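Let me begin by presenting the structure, written as structure tokens, before commenting on it.
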Amino acid sequence: MASKDIVHPQPERRHGSETHEFTMPLLSPTLTPSHIPSQTPQIPPEVPAEVRDRLPLPETLPVVKCMARARIPTTQGPEIFLHLYENNVDNKEHLAIVFGEDVRSKTLYQKRPNETQQDRMTRGAYVGRLFPGRTEADYDSESNLRLNFDENGQLIRDPSTTCSGEPILARIHSECYTGETAWSARCDCGEQFDEAGRLMGEAGHGCIVYLRQEGRGIGLGEKLKAYNLQDLGADTVQANLMLRHPADARSFSLATAILLDLGLNEIKLLTNNPDKIAAVEGRNREVKVVERVPMVPLAWRSENGIKSKEIEGYLSAKIERMGHLLEKPLKI
């Protein structure tokens, strides 16, 4: 079966000023566990229909296609497999940072007309590990693993070669140049990214869907203007609204489509954001969040982590204005 072509639209600017309140009977523990919780999971309740109706969830999911995959050794120890995606809703290259060689993209592994085994290895559609002299993508002689395909060239998800067991950890992470690259103490984005990677590396499996939605969807330039407004006294929500943007302009339907492409229909979601649970599950619950794993700031549970008046104001606004599922630590 031929894969769908990706047609890139022209970008469209979104404006709005509406914020919403949504409370769930679910609070984070005082500490984020240092290991994956197994005895007392944070089970997300059913998201009410009116919440799904209120969120801008599309009737149909975007079309995504994984164009390349590569093994990345990391400075932290565990290897990752970086997947690059194209899609039909924007002109950006979004990423899936995957822990575990056996998490496989349907669109990456789909057989393509006139391709060779070398072509498949070059784009990352192989099993096992690459090594000098290897000639087959679909068979790894060192591990004796072989991929099988149906008559349409689609990968058969065999448990011996493809992850298909318990739901794995997932995080939907939006790009944050300031927090991840410029050492910003205005937000905890970089800290959450690192913590998600630590937990996934410890678990052996996981997926960070990395969406190119800088500044909660408003872009880096507008985000820098928002920072100036915050220095003038606005909080993170007020600053966006003053710039005629929504408090949160992101869409997570691309993440839903990417998770489905990777065969991750059930996940344990690392998040404090209740709206993200409904948004990632999608209007028709194509993905199911079976557990919420809280992301408690490091500074709230140790001497480490980000400490600044800016981060305290940022976290307070997330809790008080955006309904994030966190409890501030008691100050004695």
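Along the chain as shown, residues are numbered 1 onward.
Each residue, glycine too, has its Cβ placed from N, Cα and C.
Annotation source Swiss-Prot lists region 'Disordered' at 1-20 (among others).
The region 'Disordered' feature in Swiss-Prot is assigned to 25-46 (among others).
The compositional bias 'Polar residues' annotation in Swiss-Prot covers 29-41.
Its Cβ taken as reference, HIS173 (GTP binding site) is surrounded by 22 other Cβ atoms within 10 Å in the chains shown. The GTP binding site feature in Swiss-Prot is assigned to ARG171, ILE172, HIS173, SER174, GLU175, GLN192, GLU214, GLY215, ARG216, THR236, THR271, LYS276.
Counting only residues at least six positions away in the same chain, the Cβ atoms of HIS173, SER174, CYS176, THR178, GLY179, GLU180 sit under 8 Å from the Cβ of CYS189 (Zn(2+) binding site). Following the DSSP three-state reduction, the secondary structure of CYS189 (Zn(2+) binding site) is helix. According to Swiss-Prot, the feature Zn(2+) binding site maps to CYS176, CYS187, CYS189, an assignment based on similarity to another entry.
Under the heading active site, proton acceptor, Swiss-Prot lists ASP248, citing sequence analysis as support. In the three-state DSSP reading, ASP248 (active site, proton acceptor) counts as coil.
A simple way to gauge crowding: the CB of ARG250 (active site, nucleophile) has 21 other CB atoms within 10 angstroms, across all the protein chains here. Sequence annotations record features per position, and here Swiss-Prot assigns active site, nucleophile to ARG250.
With a cut-off of 8 Å between CB atoms and residues at least 6 apart in sequence, the same chain places GLN192, PHE193, ALA196, GLY206, CYS207, ILE208, VAL209, LEU269, LEU270, THR271 near ARG171 (GTP binding site), listed in sequence order. The distance from the Cα of ARG216 (GTP binding site) to the Cα of CYS187 (Zn(2+) binding site) comes to 12 Å. Compared over the binding-site residues GLU175, CYS176, the count of CB atoms lying within 10 A of a residue's CB peaks at CYS176. What surrounds the Zn(2+) site, by Cβ distance within 8 Å of the Cβ centroid and not counting CYS176, CYS187, CYS189, is the set SER174, THR178, GLY179, GLU180, SER184, ARG186, ASP188, GLY190, GLN192 from the same chain. Distance from the CA of GLU214 (GTP binding site) to the CA of ARG250 (active site, nucleophile) is 9 Å.
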